[in-house]
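Asker: Here it is, the structure, as structure tokens.
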């Protein structure tokens with residue numbers, strides 16, 4: 001009896017040892033994904049916003065006067081950029097299904113960097129519009145394309161934090177661009193006969209080029225593409241075949257029968273996902289109207305603030321955006337009953353306050369500074385809505401690519417005329433129409449997010465499944481590695497049952 005007990009104890013120790021080693025291996029894989037996937041997409045988005053916000057910083061730092069830009073020229077150039085962004089959105093996302101993302105995203109980064117360099121030679125407003133259009137074609141690969149990539153590597157509980165870090169990287173780029181322009185104007189203005197704003201575009205390119213090269217060499221693309229271990233990529237030295245296999249299997253099973261063909265369009269259109277997520281991000285994107293149209297920088301210029309102040313003060317909006325985005329991600333990842341729609345409704349309430357404050361006293365510096373900085377909270381919507389769409393559309397690869405791209409495309413399509421109608425540069429300092437527009441989109445986005453949650457619950461009930469289940473627990477897999485996982489996944493199974501019970505309980509009270 002003693003011998004048998006000793007044998008059982010030894011077996012338990014061995015199991016604990018195996019489990020511990022396996023857990024360390026999982027953590028190591030997640031670390032590698034963060035190091036080589038998340039790092040590249042964040043660097044790409046960071047320089048994307050350095051380049052993009054750099055245009056506005058150049059405008060208020062001498063470009064307007066040097067190129068004799070007048071009236072709504074800034075707004076028109078931004079609209080031209082948005083048109084290019086819209087045109088490239090869906091094709092870029094679909095290209096990720098045909099061309100390895102390592103190649104396509106790196107190429108697009110290099111291409112828009114080269115066009116940014118061309119901006120230092122512009123001599124007219126027409127040159128600006130032409131370059132900005134093609135810049136946008138390539139830059140449109142970044143935002144929705146990255147959310148597609150993140151959804152291919154990360155599980156539901158991992159997505160909010162990574163989406164928030166990604167969003168935050170763009171906001172850091174926005175802040176960095178303002179400080180960099182201030183420094184460039186101070187130290188390089190007039191050097192070699194070039195104005196400070198021209199030097200900004202040159203330096204932007206010098207930063208963009210190494211990021212494109214880094215992506216081509218180290219970015220692994222998608223876990224289910226054999227190109228991830230191409231001879232031209234260092235990825236084969238970073239991820240082994242077993243790790244790539246596990247990276248695919250740790251996510252929920254997809255419907256492998258779906259293909260990118262003519263059946264894709266009716267398949268996507270007959271579901272509510274495409275319609276509702278496109279609508280909610282049209283509204284959520286316009287909640288950023290005051291921030292995305294550089295209204296604070298224009299207000300500072302109108303009120304005769306110094307050049308350094310015009311470049312630096314708007315950075316506070318992006319700082320608030322970073323904090324609010326990270327806080328919302330932590331809330332959704334760590335709080336058991338947290339829901340995406342909770343954050344959406346909170347953003348709606350905050351943006352209503354912003355609209356009321358600016359409309360009430362648009363010339364009071366204390367009110368305007370407070371409202372503009374508070375408006376940075378709307379940036380949290382990027383991580384919230386796109387991670388939500390990633391989760392709901394995960395089972396259909398082609399649908400997910402189209403939905404994520406369409407969200408950004410329709411938001412851009414509306415913003416192309418919305419900014420002219422409500423946030424034109426000649427409406428400074430009051431932006432009266434913009435306040436009413438923000439009030440409408442803030443309230444509407446909150447309502448639509450509640451509707452999406454209702455549809456999600458109804459869909460989960462009809463499928464009789466948990467929204468997101470670890471694929472390692474799916475039946476029909478018999479390799480040794482996964483059998484070993486199954487021995488140690490009892491706790492995970494219990495958690496899934498608990499989540500399922502909680503999901504079913506929500507049917508009677510869906511908005512708790």
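Note that the numbers count up from 1, one per residue, in the order the chain is shown.
Just so you know, glycine gets a Cβ as well, placed from its N, Cα and C.
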Asker: Which stretch does Swiss-Prot mark as transmembrane segment, out of 80-100, 227-247?
Answerer: 80-100
Asker: Which stretch does Swiss-Prot mark as transmembrane segment, out of 7-27, 28-48?
Answerer: 28-48
Asker: Looking only at what Swiss-Prot records, are residue 264 and residue 338 on the same side of the membrane?
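Answerer: Residue 338 and residue 264, as annotated in Swiss-Prot, occupy the same side of the membrane (identical topological domain).
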Asker: On the 0 to 100 pLDDT scale, where does the topological domain 'Extracellular' (423-434) sit on average?
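Answerer: In the predicted model, the topological domain 'Extracellular' (423-434) has a mean pLDDT of 89.
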Asker: Take the C-beta pairs under 8 A between the transmembrane segment (313-333) and each of 133-153, 165-185, 343-363. Which stretch has the highest count?
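Answerer: Selected stretch: 165-185, with the most Cβ pairs under 8 Å.
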Asker: Apart from its near flanks, which chain residues at least 6 from the ends of the topological domain 'Extracellular' (364-372) lie with a Cβ under 8 angstroms of it?
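Answerer: Beyond its ends, the topological domain 'Extracellular' (364-372) has Cβ neighbours at 290-291, 295-296, 299, 303, 313-314, 316-317, 353-354, 357-358.
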Asker: Okay, the transmembrane segment (435-455) and the transmembrane segment (165-185): do they have at least three CB pairs under 8 Å, pairs separated by 6 or more?
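Answerer: The transmembrane segment (435-455) and the transmembrane segment (165-185): touching, no.
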Asker: Look over the recorded stretches 28-48, 199-219, 343-363, 435-455 and say which has the most C-beta pairs under 8 A to the transmembrane segment (133-153).
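Answerer: When the Cβ pairs under 8 Å are tallied, 28-48 comes out ahead.
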